[in-house]
Amino acid sequence: MKDFLEDYKKSVSERGSEGIPPLPLNAKQVQAVVEILTKDPTNAAFAKELLIHRVSPGVDEGAKVKAEFLAKLSQKKLECVHISALEATTLLGTMLGGYNVEPLIMGLESQDKNIAKESAKALKTTLLVYGSFDKIAAMSKTNALAKEVLESWANAEWFLNKEPLNECIEACVFKIDGETNTDDLSPASDAFTRSDIPLHAKAMLKNRIENYEQRIKAIKTKGVPVAYVGDVVGTGSSRKSATNSIMWHFGKDIPFVPNKRSGGIVIGGVIAPIFFATCEDSGALPIVADVKDLKEGDLIKIYPYKGEITLNDKVVSTFKLEPETLLDEVRASGRIPLIIGRGLTNKARKFLGLGESEAFKKPSAPKSDAKGYTLAQKIVGHACGVKGILPGTYCEPKVTTVGSQDTTGAMTRDEVKELASLKFDAPFVLQSFCHTAAYPKPSDVSLHATLPGFITQRGGVALHPGDGVIHTWLNRMGLPDTLGTGGDSHTRFPLGISFPAGSGLVAFAAVTGTMPLNMPESVLVRFKGEMNPGITLRDLVNAIPYYAIKKGLLTVEKKGKINVFNGRILEIEGLPDIKMEQAFELSDASAERSAAACVVRLNKEPMIEYLKSNIKLIDEMIASGYEDKETLKKRRDAMQAWVDNPVLLEPDSNAQYAAVIEIDVAEITEPILACPNDPDDVATLSEVLADTTGKRPHAIDEVFIGSCMTNIGHFRAFGEIVKNAPPSQARLWVVPPSKMDEQELINEGYYAIFGAAGARTEVPGCSLCMGNQARVRDNAVVFSTSTRNFDNRMGRGAKVYLGSAELGAACALLGRIPTKEEYMNLVSEKLESQKDKIYRYMNFNLMENFRL
């Protein structure tokens, strides 16, 4: 006990010097607190405060110890002079759900009427009861308090007893001009601290603005709530840590939940869809409104019901809150609590024979004259058990596949615990370790050791560090025409559809097997024509924003930004026979368009080929000891069932789209690349070389071939171009996306070629793409095959081009961006005659002696 007190007070002092609270108590520490309460009266008052306020709720390991102790006190099996049986019952009611539910149900039958009543009172506000609902329902036939609990749930007292949003909210503006991406709010270099919300929040905006700590501190002294304001807010990764950081600085404490806050206000001219949804989930108020007349330090009034923002009693901006349920979401402390609570209310009403509740705002049916459905609308409809879902419709589709990666996995674990879940209802949940495998910090090593068991115990599947990028694996676990999600913005399945999300919603989807969705509109991109020699799929990826800019549907400028893709589904057709790995290049890059999701219309044949390969992969995973075996077997069987009867959904010919962009690939006669530092700022090779402003530098310092945007064909092509050439003029990084790609490239001799070229190779994984481990040199000019090129992402001050591996090879050879002629000559000489050999994909079922 003495050691615990000394260690804890030391931790309080150390973290206090950084302006942050101590970490929540772990199970061992909670056990020490319990011992102090029962054996050390001198420190009991301090220990009681820790037990009440410093233990995470739900099914956290510490919560189990806390609940067991309080249950013994409530049931009078143990006495503690500092906590009465009645107070213990009250404290059980603060733990949200999980380990506290069973003791509270038992309390309904207590001989002590006060404890029985207090148990009922606690259960009325406990939403995370899951299977225990049936137990309470059965009890209600003979137990008046159990019936009272059901009636309270049915009447939505848990919701109606919360204060609605005020008619007028006074706030002080904290404004970041231009675009704030999630890497600004949650720097990748600090990814290892993300689950420690207060510590991670200290890094918010450190790479974006000078004197960031002073600015944040100063704005909080105004004595009113702070509104985070920007022209474009939340683009980029799906990391919930970005939202967590804003809420830690500007939100409100959550009673009895340590080191976490909710609430907060975000106002943006454009708010990226994943970030917007994460704000909804977390109880924040996201508002899309013109912000040009708002300046830092302005004391504004926000009228959420009228949709006005005033400054000095003058209206400076107007808005309409969307979705319609947003006010309910804020009142319920978030969209996820609202969905869970609303479901509990409906379940109780159904059991009691009551009609639908009138307590909640009902989403209006969309007004549409649409006669048909797009492919995306049909896939979502299929997940909802209907023919299709029109834009504007609120729905809760079934989630078939869920992904979690390591830099968000610890947060997802915490969210699963808070949801009081011991089992996943989603059919397939995959956890990877791709962002931290190469250079793990001590916290990463701990995560690698503890997170796999947490996932597999709940029926999920855990990969190993070094296996490779999550998307390379998760794509192979998908099923045609099904819906999924994942805690990474590049969760963009090439078959079916996926809506990436923050870790809170990912946890919800994994736990419940469903996710909330306000169905977006779709933008159709239709390719036609024949590709010219030397043109790659990556050029088609960059052609999408290139042609959108031509049509006035996309602007690079952030102020008053136009982006037709933002928050919509990108639907792609016209390339029906490309391989699944190629289709993923297209769907993956929809993240950089800020699209909500993407679907690629393909024929059956590439899907059948892909699934046959994936069935073999799963067989080898089972043979190699990957867990959970039953989950893997079920997914393998589902794949085989589809291969045996391959039927695909098709869009209706009269489906309606928000916009249609037609791209004749025959018009593309040279590579298209994204320029520093904006994935929307695309230009042809000739346009880049014609730029003499210095904004598009021509000399290349470093080249990166890797990320989820690559497949084995890219590495072969790169190898063939640099083979037998002098060592690269640029610093060269080569990192395959999976250990299967790595082994095959070694077998084929390409690693020898990479070594001769002077390449630095790493274990399969994300490598430079996220910039959370190894980074390029400060101020380097980089050519990369990775996903995005935000400021400071790959390296401080780095200027990053995005394009194909083939163009990257030319840059590596020359140490500069080649001319169109130089590039075409290289491709023609090195690749054209052996394209079929180079661009072969990983069909494991056809590979002799394939083993993991």
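Placement of Cβ uses the backbone N, Cα and C atoms for every residue, glycine included.
Annotation note: Arg788 (substrate binding site) sits in a coil segment as assigned by DSSP. Of all Cβ atoms in the shown protein chains, 27 besides its own fall within 10 Å of the Cβ of Arg788 (substrate binding site). Sequence annotations record features per position, and here Swiss-Prot assigns substrate binding site to Arg194, Ser237, Ser238, Arg239, Gln405, Asp406, Thr407, Ser489, Arg788, Arg793.
According to its DSSP assignment, Cys769 ([4Fe-4S] cluster binding site) is helical. Residues or ranges marked as [4Fe-4S] cluster binding site by Swiss-Prot: Cys708, Cys766, Cys769.
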Sort the binding-site residues Cys708, Cys766, Cys769 by C-alpha distance from Thr407 (substrate binding site) and give me just the closest.
Cys766
Pairwise CA distance, Cys766 ([4Fe-4S] cluster binding site) versus Arg194 (substrate binding site), rounded so that it is a whole Å:
18
In the same chain, which residues outside the set Cys708, Cys766, Cys769 have their CB within 8 A of the centroid of the CB atoms that define the [4Fe-4S] cluster site?
Cys434, His435, Val469, His471, His490, Gly706, Ser707, Met709, Pro737, Gly765, Ser767, Met770, Ser786, Thr787
From the Cα of Cys769 ([4Fe-4S] cluster binding site) across to the Cα of Arg194 (substrate binding site), what is the distance in angstrom?
18
Would you give the longest CA-CA distance, in whole angstrom, between residues of Arg194, Ser237, Ser238, Arg239, Gln405, Asp406, Thr407, Ser489, Arg788, Arg793, the set recorded as binding substrate?
21
Roughly how many angstrom lie between the C-alpha atoms of Gln405 (substrate binding site) and Cys708 ([4Fe-4S] cluster binding site)?
13
Nearest-integer angstrom distance between the alpha carbons (Cα) of Cys769 ([4Fe-4S] cluster binding site) and Arg788 (substrate binding site)
8
With the fewest other Cβ atoms within 10 Å, the residue among the binding-site residues Cys708, Cys766 is Cys708
Relative to the Cβ of Ser238 (substrate binding site), which residues of the same chain, six or more apart in sequence, are found under 8 Å away?
Thr182, Ile274, Thr278, Thr408, Gly486, Gly487, Asp488, Ser489, Thr491, Pro500, Ala501, Gly502
What kind of secondary structure is Thr407 (substrate binding site) part of, going by DSSP in three states?
helix
